[in-house]
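Trainee: Below you will find the structure I want to go over with you.
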Ligand SMILES: NC(=O)C1=CN([C@@H]2O[C@H](COP(=O)(O)OP(=O)(O)OC[C@H]3O[C@@H](n4cnc5c(N)ncnc54)[C@H](O)[C@@H]3O)[C@@H](O)[C@H]2O)C=CC1
Ligand SMILES: O=C(O)C(=O)[C@H](O)COP(=O)(O)O
């Protein structure tokens, strides 16, 4: 069988190479002709899987995306054509939790905030939103969750969007959707942006099109700008360049880019395709991962927010990603966004570092 996989999907040769012919290619530039003799297509979020791409895919029996988000895949089309589909729900939720935790601690340091006692609203309380909620609670923050679709299914304890948008920190974790009563395209639109208070911090680590970036730029150019953390951008890989100087932490859609998260993404497709073919799964995710450079450190004495920030930065330095982003944006490379993502260094999750002497509180923050 022939598998065509995005070149940015790690571990495909280790997972599929023993029993399939594996060909890799850049995901953004995939052409219909490349699918003529392909049995299984493995993509990431940058490949639009639609009628045009599958026009000549006569043999295709399986499409997998090694991502949580599925907005790039026409799943209705796959169902109509009898092509099996799999995604990787939750694969990089821990990485998104690490990203938002790192962002909160850096912003707090920058603004001189104590996070304990402040409110944080999670918009979309699924896998990534719940992970972020857990980290925020571990920081002593008061967490509010807004998730109307879950509330409609009988879950309780939610606030509505307008209440959520009054929190000190508002972190977005919804899928991108264009239709239906809970469509999220421009969920943060010009009207809502105008109502926000300048003391608020807004974080987007889900999909760029959930925020109206032009309306946000208008707000930021006025006399009461918001504090912003943006990992995702409307119309990626293009970025509204003028907005970037008004964003405190700006990164190129890498919130979910831990090595563990990517490995889990590839592994979920290995499991799904193996199941479909009736093959045993002989490997585990753990077998794919190298040992972390630093696996253990000891903590003596008390821990405050500053020390927590330093501990997090030992494993994940979000400001490094922000610096690289700004440097690359200022350069002369129109393909900088994809390049930064392709060349992204191996980033380990906080859980890879065992901190002795830190107790349960550090484990709640994500450490091992
Ligand atoms: N920046 C990055 O690297 C990453 C981005 N993502 C994005 O984050 C999204 C969310 O991921 P998960 O939490 O794992 O998905 P999930 O499906 O587990 O949770 C999403 C939640 O959003 C809720 N929701 C849907 N519409 C809503 C609305 N209008 N208002 C409030 N809540 C709404 C759903 O009911 C669900 O509970 C993904 O679809 C993906 O687009 C995910 C991983 C990494
Ligand atoms: O899982 C998701 O959803 C994401 O947003 C991924 O982290 C995106 O990574 P790529 O698929 O664009 O490499």
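Glycine residues also receive a Cβ, built from the backbone N, Cα and C atoms like all the rest.
Unlike curated entries, TrEMBL annotations are predicted automatically.
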Trainee: Report the candidate from 45, 266, 274 that shares the substrate site with 67, 257, as recorded in TrEMBL.
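Mentor: It is 45, as the record lists it for that site.
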Trainee: Check TrEMBL for me: it has 147, 256 binding NAD(+), so pick out which one of 168, 231 it puts in that same site.
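Mentor: So the NAD(+) site in TrEMBL includes 147, 256 plus, from the candidates 168, 231, 231.
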Trainee: Quick one: Cα separation, residue 67 (substrate binding site) versus residue 147 (NAD(+) binding site), in Å?
Mentor: 21
Trainee: Determine the mean pLDDT over the domain 'D-isomer specific 2-hydroxyacid dehydrogenase NAD-binding' (109-255), rounding to the nearest whole number.
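Mentor: Mean per-residue confidence for the domain 'D-isomer specific 2-hydroxyacid dehydrogenase NAD-binding' (109-255): 98 out of 100.
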Trainee: Could you check which of these recorded positions, 147, 231, 236, sit within 10 Å of residue 253 (active site, proton donor), going Cα to Cα?
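Mentor: Correct set: 231, 236.
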Trainee: Among 45, 147, 207, 231, 236, please name the recorded positions whose Cβ is nearer than 6 Å to ligand 2.
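Mentor: The ones that qualify, in sequence order, are 45.
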Trainee: Listed recorded positions are 67, 147, 207, 231, 236, 256; which sit with C-beta under 6 angstroms of ligand 1?
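Mentor: Only 147, 207, 231, 256 meet the Cβ criterion.
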